[in-house]
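A.B. asks: Structure below; questions to follow.
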Amino acid sequence: MLSVPSLYPICLLIFSLSISLLLSLSVHLSLPISLLVSLSLSISVIFSLSLSISLSPSLSLSLSLSLCPSLSYSLSLSISLSPSLSLSLSLCPSLSYSLSLSISLSPSLSLSLSLCPSLSYSLSLSLSLSLSISFSVHHTLSLSLSISVLFSFSLSLSLSISLPICLSVCLSVCLSVCLSVCLSVCLSVCLSVCLSITFFLCRAFKINELETEVTNRLVMLEKRVELEGMKVEEIEKCHSDIKKLREEMASMNNSHFLDDKKKLTPRRDVPSYPKYHLSQETVEALRHPTFDVWQWEPNEMLSCLEHMYNDLDLVKGFNMNPITLKRWLLCIHDNYQVNPFHNFRHCFCVTQMMYSMICLCSLQEIFTQVDILILMTAAVCHDLQHPGYNNTYQINARTELAVRYNDISPLENHHCAVAFQIFSQPDCNIFSTFDPEAFKQIRQGINTLILATDMARHGEILDSFKHKVDSFDFSDEEHVTCLKMVLIKCCDISNEVRPMEVAEPWVDCLLEEYFMQSDREKAESLPVAPFMDREKVTKPTAQIGFIKFVLIPMFETVMKLFPQIEEVMIQPLRESRDRYEELKQIDDAMNEVQKKKVRT
């Protein structure tokens, strides 16, 4: 400290370079209760420019500007009396502005107002009692021990903005008691104990805030982990149960394909399903592709099938026993499994579409009655005992059917086998009046049409028909057989020809069956087709390509022979394609919006 024993004003300009080593130990106790013990060691280089004017031994005016490596700029103006009064303004690179006014007595009373980039305004009132012991050697080495008790009352209002965007306004009132013990060794002429204490207090408060925030987040994360763990356990349990059920179903299906005597054995009593008396309106609706297949119970569908055989003059024309027809239809019903898609309603749907095409295209004027009988019966039998898993699964899983039929259309071969096992029962043989040669012709015709429903052969069959259609000859047996194969293929996949309210539920049923298969394939580590994967396919994407590249080209080829189907069959297909394309555009737009939300 420079002393001037004169009463005249003295002006001093001092430039100093100091290197300081600071070792501090701080114990902090506050309410709400938190305990902070901090030990820090810092070395700093301080460049200081100070202008001091002394008016008297008890009154001095000081102006100082300091530059340090931490880029802290401060401008301070202090007036010192016996009770010291100081006014300081500081600017730091963290853009923290503070204005403080302090009056120092034995207990010190200070009032400070600070403005910083986080828009935090604080007003604090503190009362401190301190005891300080210092020892100095040659003004270069000083040892000081400071014990202080601080009673502070603070009121703060803060507004902060952070990324990710968070806006918070906080008003807090805090009463704290602080006990601090500080031991410092300083290689400097002067050391600002107040600045050190302020630094550690600010650091302590930030640590408390961070500690609270981290604690809250940890609690939230623990709860989320606990919930997610419970979900994972439930999902695993469900997967396990589903796998067991599917294995049981598969074993039941495979073991009963050819040994289910109960299903194949006809009912020898008079069939008991109630006869549904068809109204004239229903009879007329059955002739059109717009027929709603969802409104009918199984006994009503059986009555409708029976009506079709009678209306086409197949019962009287071939002298069928009506009771045998009933028993056969009942046995057919019993041999369709309860699958989401390939079930008895699908059988009825395909047969009704065949019936409507026979009526619409006047096929009875072109084909023989035996051909009509083959078309109708093949439609009824085309998916008998379908297990709900397609040929690809049968082959990849090496099932009993795939082994038996050498991986060649195993399901379609099985449908044919079951159909003629049923016909082998005398009480279900609607062909009993045919001679062996005629029966052989019928058997060959039905097998040919059922085998044609294998979609693996779609391109082969359609290309063959395209080569014949421009010079089609109805007297050519090969041409007629090819046409019948295409007709049953059209009926088998004709759902989109129907009105939207009838067609769309079939898409849901088909996707459900696809997803069952893909889930099982994943569980058994088998290849999964993308159009069956629930994580990749949607209703629009599933239908657009199928309608554009399978249905429309096939029906347009048939239209060359029967132009009358354009309005009632091809036009609905085009409308369905357009509708699904619009739905896909909506889905794509929604996905894009969702992606943008995730990015922001």
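Backbone N, Cα and C atoms are what each Cβ position is placed from, and that goes for glycine too.
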A.B. asks: According to TrEMBL, which stretch among 33-55, 539-561 corresponds to the feature transmembrane segment?
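C.D. replies: In TrEMBL, residues 33-55 carry the label transmembrane segment.
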A.B. asks: If one measures from the C-alpha of Phe344 (AMP binding site) to the C-alpha of His382 (Zn(2+) 1 binding site), what distance in angstrom results, rounded to a whole number?
C.D. replies: 11
A.B. asks: Just name the most isolated of the binding-site residues Asp383, Asp492, going by other Cβ atoms within 10 Å of its Cβ.
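C.D. replies: Comparing Cβ neighbour counts within 10 Å for the binding-site residues Asp383, Asp492 gives Asp492.
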A.B. asks: Hey, what's the widest CA-to-CA gap across His342, Asn343, Phe344, Arg345, His346, Asp383, Asp492, Gln543, the AMP contacts in the record, in Å?
C.D. replies: 23
A.B. asks: In sequence order, what residues of the same chain, 6+ apart, have a Cβ less than 8 Å from the Cβ of His382 (Zn(2+) 1 binding site)?
C.D. replies: Cys347, Val350, His415, Leu449, Ile450, Thr453, Ile488, Asp492
A.B. asks: For the recorded Zn(2+) 1 site formed by His346, His382, Asp383, Asp492, which further same-chain residues have Cβ atoms within 8 Å of the site's Cβ center?
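C.D. replies: Neighbours within 8 Å of the Cβ centroid, excluding His346, His382, Asp383, Asp492: His342, Cys347, Val350, Ala379, His386, Thr453.
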A.B. asks: For the domain 'PDEase' (266-587), what's the model's average pLDDT?
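C.D. replies: Averaged over the domain 'PDEase' (266-587), the predicted model reaches a pLDDT of 95.
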A.B. asks: Work through the binding-site residues one by one (Asn343, Gln543) and point out the residue whose CB has the fewest other CB atoms within 10 angstroms.
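C.D. replies: Sparsest of the binding-site residues Asn343, Gln543 by Cβ contacts within 10 Å: Asn343.
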